[in-house]
Amino acid sequence: MFSSVSRSLLCCTNAIGPNRALAYILTKNSILEPSSIQCRDYHEVTGNIICPNVVRGIDHLRDPRLNKGLAFTLEERQALGIHGLLAAKFKSQEEQLDICRISVDRYEDNLNKYLYLVELQDRNEKLFFRLLAENVEKYLPIVYTPTVGLACQRFGLIYRRPRGLFVTINDKGHVFNIIKNWPEPDVRAIVFTDGERILGLGDLGAYGMGIPVGKLSLYTALAGIKPHQCLPITLDVGTDNQDLLEDPLYIGLRQKRARGKEYDEFIDEFMEACVQRYGQNTLLQFEDFALPNAGRLLKKYRNKYCTFNDDIQGTASVAVAGLMAAVRVTRRKLSENIYLFLGAGSAANGIANLTVAAMMADGLSERQARERVYMFDVDGLLSTRREGGVPEHAKAFGKDIEPEKDFEACVAKIKPSCLIGCSTVGGAFTPNVLKQMAMNTERPVIFALSNPTSKAECTAQDAYDHTEGRCIFASGSPFPPVMYSGREYRPGQGNNAYIFPGVALGVIATATHHISENMFLTAARTLANYVSESDLSIGRIYPSLAEVKEVSVAIAIEVAKTAYDEGLASVYPEPRDLPKHVQNQMYSYYYESAMPVTWDWKPEEKFNVRPIQPVPKNI
């Protein structure tokens with residue numbers, strides 16, 4: 001009756017913790033013969049430096065960090081004892097990449113492409129990351145927005161192999177015990193979500209795990225952060241989505257969301273457990289938390305931990321970078337614009353606050369800068385005179401003006417030169433709104449930043465059509481090229497992927513203990529400086545996604561400099577060649593030899609060695 005247990009749970013010399021104890025007890029009581037205790041099926045390697053004597057030959061096929069498929073040489077196959085377990089053909093990594101591209105392209109449905117890439121990552125880590133890193137424009141929309149949104153919605157159906165940790169509210173009081181179950185000791189970055197506001201899709205509960213997984217894939221593919229240093233986590237506190245609670249495929253807790261004191265204590269415990277396990281400099285990235293929690297948790301923890309919220313600060317940085325690049329087209333300084341936001345949530349407030357910081361750098365006072373920013377939410381223009389007043393999280397942008405619930409009327413009255421959508425209301429920038437923007441200024445700036453594509457405030461084509469082709473447009477999700485008046489435009493995507501991988505690399509490379517707002521302003525300037533005149537000529541205010549790796553490294557270097565300038569870095573002494581130091585921390589996508597390193601010794605010196613003498617009996 002215990003044979004299946006012995007095969008699946010117990011391991012002879014390799015067992016650790018509970019498994020070793022169980023093996024010992026069962027053997028001691030003769031329930032199992034020692035010879036029947038089987039070694040575990042495969043060995044998961046951990047850490048940055050792999051100890052050769054703990055890795056078996058078969059592990060090189062079973063572990064995605066070691067597997068090279070048909071790229072193993074004849075010498076490697078014979079030395080590792082895997083000869084015959086692979087077909088006779090030898091392939092280079094380049095040949096494997098060609099096969100992967102063909103395989104992905106055979107699928108017509110993007111979700112199937114997503115599944116192929118996930119399975120490739122589970123099978124051959126280096127091949128996956130090289131494929132993604134060398135084909136960013138092609139595969140970024142598959143592993144990240146917009147396809148990752150669909151993957152999250154179908155997560156119960158496509159869930160295959162566990163990836164990351166699920167920590168539930170039921171584990172409150174034992175969160176550290178869950179964190180230490182993760183087998184990798186060298187974690188430097190954790191991306192975590194509670195699943196309450198996944199993209200523009202709302203509360204997806206435990207299905208939100210697709211977002212931390214996708215984000216961390218980009219950490220590696222775009223900034224070279226080592227994959228074993230990344231840990232995705234879902235904090236499952238329940239869901240208020242009734243459809244999910246009734247969904248037979250749902251993989252999370254079937255209960256309403258925990259809130260209030262219980263929720264806050266759980267988050268406190270989680271943050272403390274992470275630094276207890278991995279150290280105070282561990283990067284903790286909040287992802288897709290809902291408005292009531294996102295801003296207040298960032299404010300609560302930003303000076304206690306190495307943390308940031310990508311929806312607030314990453315979105316702000318990429319949006320401000322677009323505004324900075326647009327200056328070269330509009331010939332208006334940032335401080336000369338009037339800004340109107342549709343939406344007053346965490347993303348809008350993040351962008352607005354960083355825009356204020358940028359205007360202050362242009363010479364305005366904080367009060368003068370804030371006077372140039374207006375917001376419109378579900379209850380209308382943010383006016384201190386409206387019924388119910390201004391929400392607490394957006395009080396800094398409330399105005400003492402007449403209330404207005406008609407958005408089109410606001411655009412006509414306030415006459416913004418920059419219209420920024422963070423509402424997740426598809427089509428909210430109507431033709432009349434866009435036409436009014438064209439009347440407000442010669443070169444209106446229009447950002448439809450909501451994700452996924454179906455939630456965008458307008459399409460790129462609509463923006464050009466209704467502004468006589470004079471707009472400067474950017475979106476949160478990709479749009480196809482636009483034809484207007486016989487000319488093709490390729491509008492840019494204000495994708496957070498330009499920002500967060502580089503910021504994370506700079507923080508990790510310098511062991512930064514807190515992430516300042518100035519780092520995101522620095523990242524925005526660096527990104528804006530990468531926009532070329534040829535980009536601007538085709539209507540793009542961001543560099544090509546093909547350049548995002550180069551941009552990420554440049555951002556990392558500038559963030560690292562800022563960390564030292566502000567006294568936030570922990571790597572001492574400061575490296576003499578900081579760019580080289582940053583690049584030395586990066587992951588290699590290329591295969592390495594699986595053969596052990598060997599070397600010769602110098603010949604032994606000649607000595608007259610005495611014969612062995614018998615040991616006297618009285619000693």
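Glycine too: its Cβ is placed from the backbone N, Cα and C atoms.
In TrEMBL this protein carries:
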ACT_SITE  Tyr144  active site, proton donor
ACT_SITE  Lys215  active site, proton acceptor
BINDING   Arg197, Asn451, Asn495  (S)-malate binding site
BINDING   Glu287, Asp288, Asp311  divalent metal cation binding site
DOMAIN    121-302  domain 'Malic enzyme N-terminal'
DOMAIN    312-564  domain 'Malic enzyme NAD-binding'
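Feature map: TrEMBL annotations on the structure.
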{"residue": "Tyr144", "record": "active site, proton donor", "Cβ within 10 Å": "25"}
{"residue": "Arg197", "record": "(S)-malate binding site", "Cβ within 10 Å": "25"}
{"residue": "Lys215", "record": "active site, proton acceptor", "Cβ within 10 Å": "27"}
{"residue": "Glu287", "record": "divalent metal cation binding site", "Cβ within 10 Å": "26"}
{"residue": "Asp288", "record": "divalent metal cation binding site", "Cβ within 10 Å": "25"}
{"residue": "Asp311", "record": "divalent metal cation binding site", "Cβ within 10 Å": "27"}
{"residue": "Asn451", "record": "(S)-malate binding site", "Cβ within 10 Å": "24"}
{"residue": "Asn495", "record": "(S)-malate binding site", "Cβ within 10 Å": "26"}
For this session: Compare the Cα of Tyr144 (active site, proton donor) against each of the recorded positions Lys215, Asp288, Asp311, Asn451, Asn495 and report the nearest.
Result: Lys215
Problem set entry | For the domain 'Malic enzyme N-terminal' (121-302), the mean pLDDT of the predicted model | 95
For this session: Out of Glu287, Asp311, Asn451, give those binding-site residues positioned within 10 angstroms of the residue listed as 'active site, proton acceptor', comparing C-alpha atoms, in sequence order.
Result: Glu287
Problem set entry | Those binding-site residues, out of Arg197, Asn451, Asn495, that come within 10 angstroms of Asp288 (divalent metal cation binding site) at the Cα | Arg197
Exercise. Cα distance, Asn495 ((S)-malate binding site) to Asp311 (divalent metal cation binding site), nearest Å?
Worked result: 11
For this session: Provide, as an integer number of angstrom, the distance between the C-alpha atoms of Asn451 ((S)-malate binding site) and Glu287 (divalent metal cation binding site).
Result: 14
For this session: May I have the list of same-chain residues other than Glu287, Asp288, Asp311 whose Cβ is within 8 Å of the Cβ centroid of the recorded divalent metal cation site, in sequence order?
Result: Thr193, Arg197, Ile198, Ile211, Phe286, Phe289, Ala294, Asn309, Asp310
For this session: Measure from the CA atom of Glu287 (divalent metal cation binding site) to the CA atom of Arg197 ((S)-malate binding site) and give the result in Å, rounded to a whole number.
Result: 9
